[in-house]
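Novice: Okay, here's the structure, questions in a sec.
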Amino acid sequence: MLEGLLKSTPKLAVPGTDGAGQRCGLVAIVGKPNVGKSTLLNALVGQKISITSRKAQTTRHRITGMRTEGQTQFVFVDTPGFQTIHGNALNKSLNKAVQGAVSDVDLVLFVVEAGSFTSADEKVLKLLGDGIPVVLVANKLDNVKERAGLAPWLQAMQARARFTEMIPLSAKNAKDIERLLGICEKFLPEQAWWYSEDELTDRSEKFLASELVREKLFRLTGDELPYTSTVVIDKFEEEPPQKKGQKRLLRIAATIVVERDGHKAMVIGDKGERIKRIGMETRVELEKLADAKVFLELWVKVRSGWADDEARVRSFGYE
Ligand SMILES: Nc1nc2c(ncn2[C@@H]2O[C@H](COP(=O)(O)OP(=O)(O)OP(=O)(O)O)[C@@H](O)[C@H]2O)c(=O)[nH]1
C-alpha cells in the first residue's frame, strides 16, 4: 500500500554540474507526535513551503523539503507510517514499511522533548534499525527550567541507544538550527546535488496539493482502491492577504479520477463522509505546509480505463 503512494522516479544529477565538492543526502525526521518535528522541518528548510516538484520523489520517501547551503544539499524526507505511530493502524506490515523507509537514508534525526522519554518515544526508537547514524534532537530546550538536570538525562539517553550525537536545542531558535545543519552536513555523502538550488517553485504547491489529496485518498480508502486512481488539479489560484497579518488564500479545485462507479462510491463514502474527510485532512495539512488559508473543492469522476490511454495519462501530468 505504502509503496503505491510513492513515486519511483530515479534521482538525477543536476544537468551541467559535475558535482565536484558537493554533498547531498537524505535526512529523515522522526519522533512521536507533538515533539516539534514540523517546526523543526520548517526551520531547517527555511522556506514556508516544504515540497518540491515531481522529480523530487524517491522510491521510498516523500520529500518534504530541501535546503541547499553552500556546497551541501539537505533533502528532508517523510517516513510514511511514523506519523500514525499512535494510531491503531500501525500493524505489522506498516511497521516493516517504516523500517524500510528509514533504512536507506543517510541520517535520522530522532526528535524528543528535552528531559523526557516516554513509551511512545521508545516505540519510535525501536523502529530505527542499526547502521544508520541517529542524532538525538532534544527539542524544546527553552521549556527546561533546570538545565543542570539535563546532563544525567543525556547520559541515560546515551545508555539507551547509541546515538551518534545528542543535541539539546529549540527548533524555534535560529542559531540552534544553524548548528544542527552544520552537524547534519558531516553525515551527507560527497556526491552531486540531485536538484537545482531553486527547485522550489509555485508549481510545487500545486503538486503538493495533488499529492496530499492522493495520500489521504489511499490512506482513507485502505486497500480497496486501485492505484490507477489519480488526482487532477483543475484550479489553483492564489490570492494575496486582504489585510496585514492575514494569510494568503489558495483556492483549489481537484478531481479524483477513478476507473469504476464502484470506486466512486467508495471514495465518496456513506453520505459523502469519506470525501469530506479526505478534503478536510488535505486542507489542514496543506494550510500548515503552505502557511496559507486553503479553500479546497473535491470532485470524483469515473474515467474508465484511463491508465491504458497514453495521451490521457499525459494530460494528467504523468509523463
Ligand atoms: N517551547 C517550544 N515549543 C516548541 C518547540 N518546537 C515546537 N514547539 C511547539 O510544539 C508543538 C508541536 O509542534 P509540531 O511541530 O506541530 O510537532 P510535530 O512533532 O510535528 O507534531 P505532529 O504533527 O503531531 O507529529 C507546537 O505547539 C510547537 O509550537 C520549541 O523548540 N520550543
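Placement of Cβ uses the backbone N, Cα and C atoms for every residue, glycine included.
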Novice: Kindly point out the range from 47-50, 83-86, 139-142, 143-146 that TrEMBL annotates with region 'G4'.
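Specialist: In TrEMBL, residues 139-142 carry the label region 'G4'.
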Novice: Can you check which of 31-38, 199-206, 271-278 TrEMBL lists as region 'G1'?
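Specialist: Going through 31-38, 199-206, 271-278 one by one, TrEMBL gives region 'G1' for 31-38.
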Novice: Taking 70-73, 78-81 as the choices, which stretch does TrEMBL tie to region 'G3'?
Specialist: 78-81
Novice: Do you know which of 17-21, 57-61, 92-96, 242-246 TrEMBL annotates as region 'G2'?
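Specialist: TrEMBL lists region 'G2' for residues 57-61.
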Novice: According to DSSP, folded down to helix, strand and coil, what is K37 (GTP binding site)?
Specialist: helix
Novice: Tell me the coarse DSSP state (helix, strand, coil) of L141 (GTP binding site).
Specialist: helix
Novice: According to DSSP, does G31 (GTP binding site) fall in a helix, a strand, or coil?
Specialist: coil
